[in-house]
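Participant: I grabbed these lines from TrEMBL:
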- 1-18: signal peptide (SIGNAL)
- 94-432: domain 'Peptidase A1' (DOMAIN)
- D112: active site (ACT_SITE)
- D317: active site (ACT_SITE)
Amino acid sequence: MAFLLLLFFLLGPSTVSSRSIDNIILPLHHPQLVYSPPSLSFTVDDIIQSDEYRVKNLISRIQYSGEVEQKKMSEGSFVKIPLDSGLSLGVGNFVTKIQLGTPAKEYIMVVDTGSTLTWLQCQPCLVSCYDQEGPLFNPNSSTTYSTVACSSSDCSGLVKATLNKPGCTKDGDVCIYVASYGDSSFSVGYLVKDRLSFGKSTKLPDFTYGCGQNNVGLFGKAGGLIGLSKNNMSMLGQLSTKVGKAFTYCLPTFKSTSSGYLSIGSSKSTQSFSYTPLIQNSLDSSLYYVNLTDITVGSDSISVPASAYAAASTIIDSGTVITRLPTSVYVALSKAVSKSLSKHTKAPPYSILDTCFKGTYRSLSDPKIGLVFADGAKLKLAPINMFYDIDYKGITCLAFAGDSGDVAIIGNVQQLTFSFSYDVANSRLGFAPGGCT
């Protein structure tokens, strides 16, 4: 499926000054609890369908090996938007607020560890904008806004940042980004720079991001997206020279009225973290890979040879909801959990979730699942991290699913209420219980 974009409106440059900033701490919320009024009504089916899109395209993304090249496009010409790479976004992600421009204005943004480019919807919204909470960003109202040239390293960097070809307005020499996602969501617009602010005292001049002129898809009512991948064009990469290349978050439960947090930068924590190495992967170096070495149910390892784990690349992802495991690993986990809960009434499968029981996660005795990573770091899951309630069916299902590929993805159900520390500078991932509720 293809979409066409007509781009012809150019915006002028300006200059900014530089200053250092401190460690940044932002609140994190599930999107259904942020908007006023809370107008989203994501169903379980919406969440699972979106999750499937995201997983399929995460897997296709790391298998992406084609070369792309920058191309020119003149005023009035068209850009064809490929939809064969990227991630599905919206119902499974968490949101926060940032400030852009001078004077600074606040915008609700999706937070995504699986994306690089930060972008938001911009006036004049030449082609299409979805409904968002609050006004669109107006470039003309910011004295520190400037566009990025096609000849710049930032523009050529879009190839790795988005896995799509950047475009260029021939007359104005303005770089055009194309961010496409697996569920036919996309954003296309100008690559620009402006001042990024976090409150009154912390500012980052010359922050590079996308000013979206054609935006379609499942982004809830967020104004755009914050990319937190390892790529240098991500928000993390751009802030790293100021605060260090690290961030920590805690994802609150889906029904919690409390917020989690996102802390960008190296910081000392009083929590006791268990650490495992972050692994380099040549297929997509921007994602966060770890080595999953074992899964325990109770005190016993599930019946899977070590080779089954070694053959799979394991990704930690903030936007995937249900954890995916290689089929043989998932089948062994499902059998072990079912045996542990043999006294509970089984329920029919629901969509991709095929290990289900009557009741809620609170009604089940705890089988104590543990995810063991390299160097012995063990993520000890609570019931809320193991099961996913299907409220209208009166059932709860194991929040894991099998995948026939050689990729495992640790989703956000398993991450809820834990603090996760992405210490990119030291190539390690840490986690600790009790970070939020």
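Each residue, glycine too, has its Cβ placed from N, Cα and C.
What you are looking at is a predicted structure, and each value in this text was computed from that prediction instead of being measured.
Buried or exposed, and what's around them? Tell me for each listed feature.
Facilitator: Across the residues of the domain 'Peptidase A1' (94-432), the predicted structure has a mean pLDDT of 92.
Other Cβ atoms within 10 Å of the Cβ of D112 (active site) number 23 in total over all chains. D112 (active site) falls within a strand segment according to DSSP.
Cβ neighbours of D317 (active site) (same chain, under 8 Å, six or more residues apart in sequence): L58, T113, G114, L287, Y288, I409, I410, G411, N412.
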